[in-house]
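*Asks:* Here you go, one structure.
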Amino acid sequence: MMDAEKVSTDGEAISEGEVGSNGETPPETEVEFIGETAPDTDVEFIGETSPGTDVEPTGESIQETEVESIGEATPGMDVEPIKKTMTELNVESIGEETSETDVDSIRKALRGIDLESITVAYPPKKAKHRKVRPQAEVESTGRAAPEGELEVSDHEKVEALLDELDELSEIVSSPEVSYSDISPLEMGEDDTNVSATSTDTFQQGIYEPIEPIEPTEPPEPAEPPKPAETPEDSTVRAPAHPYQRDFPMGARHRFRLSIMGSLTPSDTDDLPLETDEPPQQESVQSTPRALEETRIQFLDQVQSLSPEALLDRATEGSDEAEEEGSQLIVLDPDHPLMIRFQEALKGYLNRQMDKLKLDVQELDVATKQTRSQRQELGVNLYGVQQHLARLQMQLEKSHDRHSLVACERRRKEEELQCARSVYNKTCQTANEERKKLAALQTEVESLALHLFYMQNIEQDVRDDIQVMKQVVRKTETEKMHAEVEKKKQDLFVDQLTERSHQLEENIALFEAQYLSQAEDTRVLKKAVTEAITEIDTIAVEKKRILQQWTTSLVGMKHRNEAYKTVMDALRECQHQVKSTDSEIEVCKKSIMQEEEKNEKLARLLNRAETEATLVQKMTAQCLSKQEALQTEFNTYQLALQDTEEMLNKGYVEHSAVLSELQATRQAFHQEQELRQKMDMSMVDKLQEQGTSSKMTKYFHQLLRKLQKENTNLVTHLSKIDGDIAQATLDITNTNCKIDMHKKTLAEMDKEVKRFNDLITNSESEIARRTILIERKQSLINFFNKQLEQMVSELGGEEAGPLELEIKRLSKLTEEYNTGVAEAQMTWLRLQQELVQVTHEREEQLVSVDQLKKEVHIMEQKKLRIESKIAHEKKEQKIVSRHMRDLDNDLSKLNMLLDKNRCSSEELEQNNIATETEFLRTLKDSERETIQMQEKLMELSEEKATLLNSFMEAEHQIMLWEKKIQLAKEMRSSVDSETGQTEIRAMKAEIHRMKVRHGQLLKQQEKMIRDMELAVARRETIVVQAEGQSKIDKKVITKTEFHYQQRELQKKVREMHKATDDCTNTISELEETQKFLSSSLQEKQQLLSEMQATTDVLEEEINQLTALKRQNLLEIVTLQTRGKHLQAAIEGKYVFLHRNSRSQLMERKRLSVRLSQLNKVLSSVQEDYPQYQEVLQSIQQKIATKLETPEPS
């Protein structure tokens, strides 16, 4: 019978022609068997396993006594046959579901099932009839009575055994055992004790169909939870979850226990249904008044759970739910805020327990009166056994068919899931390819636009080059024409002497022109000074500076051309005057030299001023860049130090958490071994002292303490696992940050090496060119000496060949001047391009900053979405598990209802007593469906609370992320005003949080008061319901019974619809999860592409800045070189230091400055050793410069 009792906790699906849960059994199968066996058959008691079933975890087997067939097993009444006939399939289904669990968890669960089956089958049933079979009909099965038989004449032995059975029923029927909110796993050991005592009692050969004596015991414990459940209820049920994971049927066992604990009246009320014979009907009609009172009390309890009462409780809980804003927080039972509520609930439960004890005493008196009637029930046992065997065979066949259909359905669902996954993957790849194509198209369009711009710029440059070439050709033709004319004038010198007087007049005219030109020069000087002041005032406006610069350069070009034409005319006049008067030529030469010196000085002044402004701008830019790089370096160094500290902290925390985890695991294993030992010892002691109620209560308390400690250890272990996961996540994040910093450091090292190479190359080039300049300067000095010597030999007059040499040299100087002019034009163009490049660089820097911010935001969103996805997966697993449980329960209910309809035709022939029994079973099934609905609502509320707590935690995480981001922005920001505004915003946020905290404290106090009022309200509702039930004592007719049956069928259909809706929502959540994963991958690809573009842009910016610096240095060197060469050619080069003393002073000043730079570099190396290799080469060059001996 153990298999039947174990399966009764879950197995409620029965086969064709089987008995339903509503108690509608055929007349021949309504006698409960407790201890009697049919002739020539062996009996299975509690603790033994039938060979026909597959239950192996109990570890017990029948040695020499076996059942000849499954159909000859011991039957009971309507619930007991269900338990026996459903043994094989339900145990097989349990074996399928628990294939991944270990034997220990299955053994614990089966112990809980044994307790439930005993509490349902045996303790509540007191004697209606009592009959002892003859000695020939009883056989001993492993643990038989001493003689193996019991005769009718041994009346004293029967009375002693009945007294022991009464004491056992009082133990099992106590509220501590039959309370519906205690899971089977929490009562496993008690179950074994009770089963042991019951087997010892039943082996004596007693037949005890029992009258229900506890219809009033389970009202409060079995009362369905209210829609707005208090936190106390939720916390009481919380520890059952870990067991549900170890054993998938755990949730169902717990639910079944609460249901079957409250269905005890229905199991025994079906007993009179077998009384088709007149003698049995008379015994049913002679039921005492106690039975009628228990039936009325049971109906009152069922009516207290009517839909109207549930709606009233739902409206009361909805008000509290609206105030909390659908954010229920489950408090710990040891929390100080729960003390007041627990005291109120304790007082209420104590009153209920006192009331129940009084009811039990009254019912014990009633059972003693009805004990003499229970012997009559064993007469029809053999026929019932034969009928039960046939029904069991039919049930096994139907279970086999059901398992085959279920396997086929599961296989089809797996194929459908594979097809869906393949389709989703193909859609995702197609979307990715489309997005890549769109990105490539946009990139091609941008490149085409860039190419068009570059072609336009190239065309403009070519046009400028062509214009410059035309100007050069024109000047060359003019020079050739002037040379031809000069040769003609040399041939006609004699004719020019005659025209000397005319030339004197021309000289006077030229002197007047000279005066006018001097005034023009003064005007030009004023204009130059005004231009300088305008350049200083318009330094901020870069565009206007470039425009005025180009116009001033064009004006200078025109003035230089006019000056060259005037100089050519003057030279011609001087040659004419030389032939007439040498003194006039000497004066003219001195005048011309002074004029040239004046003009050159003016040009040198202008160029020097422009160069000074350029140098100042470049130095300011270099200083700003240096400061920016210094700040960036400091920020990177601080970030690196922070990451290293965080990594060390993470390693320390990880090691600490691992040690704690190891210690808790060892403690858990020790506690588990200790618990097993205590279980075995308690089983042995309880088998020896089965009738001692005090010992059983003591062991109940010990078991509850051990179970509480076990649940606490499991919760602590789960918390430690979560901490370890969080620590590993932090470690991975810090490792990623360290890798990123290492990469940036390597890139910066590469850039420093590249800049060092450029500096060394430029220095070598400067040294080479200085050597060439010195050589050319020596050649120029040598030629000047030769020229002076030749002029002195000729007496101060120049001959024809010398004039030709001078012309050649003047041509060379003009060519150099044209080259300088071209270099100036190219320099202007480069300056314009530089301005454009700087604008583009600033725009790109702004875009890069924006992209970095977006990347950071996307990373945060990614982390949040991953956490949401993981949470949704967990919820889906939980919901799918509960949905499977509910589907199984609904399928079993449907089968029971089908059996109910089949048996209703036969029940119409029964009398008024059978109708009342059917009414009880109907109420039991209605209460079972209501409890299932309340269980579903309870699960939804738990899910809502978990979601709310998760949202709160996510909100806190977002707040901390926001604070961290604000701190980083405050550190990196330069503008103090923006930091002050953010600080004020943070203070306002802190103030709002404090106000919210005060509001939450008030709301918490209000909720505690509401909880206390809810306990009082519950008591008043129960009292009112009991009074109303006593007033409204009605006998339900047959039509009302059929109406209630139809209502139940309607509720079952609604439950089916609800399950369909749940499956639809699960599929929708899966689709949203797939969509989110695809979008996340797309955003990651977009982020990688944006990162690649930013890297390319940064490389281009670096190249452009290097090219800009190189061009600026080359332009400056070329300009200074051209100036010095022009002055050397014209013999107007002026040394910076006219004497050796000033030169030595300047050299000392430069050496002091170099020594200061050397000290600065050494201090920088000490402060920042990571840049020691970069600065070492510069310091060595400065040292070599300092070590070179000074020239004497």
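Cβ coordinates are placed from backbone N, Cα and C, and glycine is handled just like the others.
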*Asks:* Looking at the candidate ranges 126-153, 686-713, 742-769, 854-881, report the one that Swiss-Prot labels region 'Disordered'.
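*Replies:* My reading of Swiss-Prot: the region 'Disordered' range is 126-153.
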*Asks:* Quick one: which of SER183, SER306 has phosphoserine in Swiss-Prot?
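*Replies:* Looking at Swiss-Prot, the phosphoserine feature maps to SER306.
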*Asks:* Rank 425-451, 581-649, 830-871, 919-972 by Cβ pairs under 8 Å to the coiled coil (733-768) and hand me the top one.
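*Replies:* If we count Cβ pairs closer than 8 Å to the coiled coil (733-768), 581-649 scores highest.
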*Asks:* Should the coiled coil (425-451) and the coiled coil (919-972) be scored as in contact, given a threshold of at least 3 Cβ pairs under 8 Å and pairs 6 or more apart?
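*Replies:* As far as Cβ distances go (cut-off 8 Å, pairs 6 or more apart), the coiled coil (425-451) and the coiled coil (919-972) do not touch.
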*Asks:* Over the coiled coil (830-871), what is the model's average pLDDT?
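*Replies:* A mean pLDDT of 81 is what the model gives the coiled coil (830-871).
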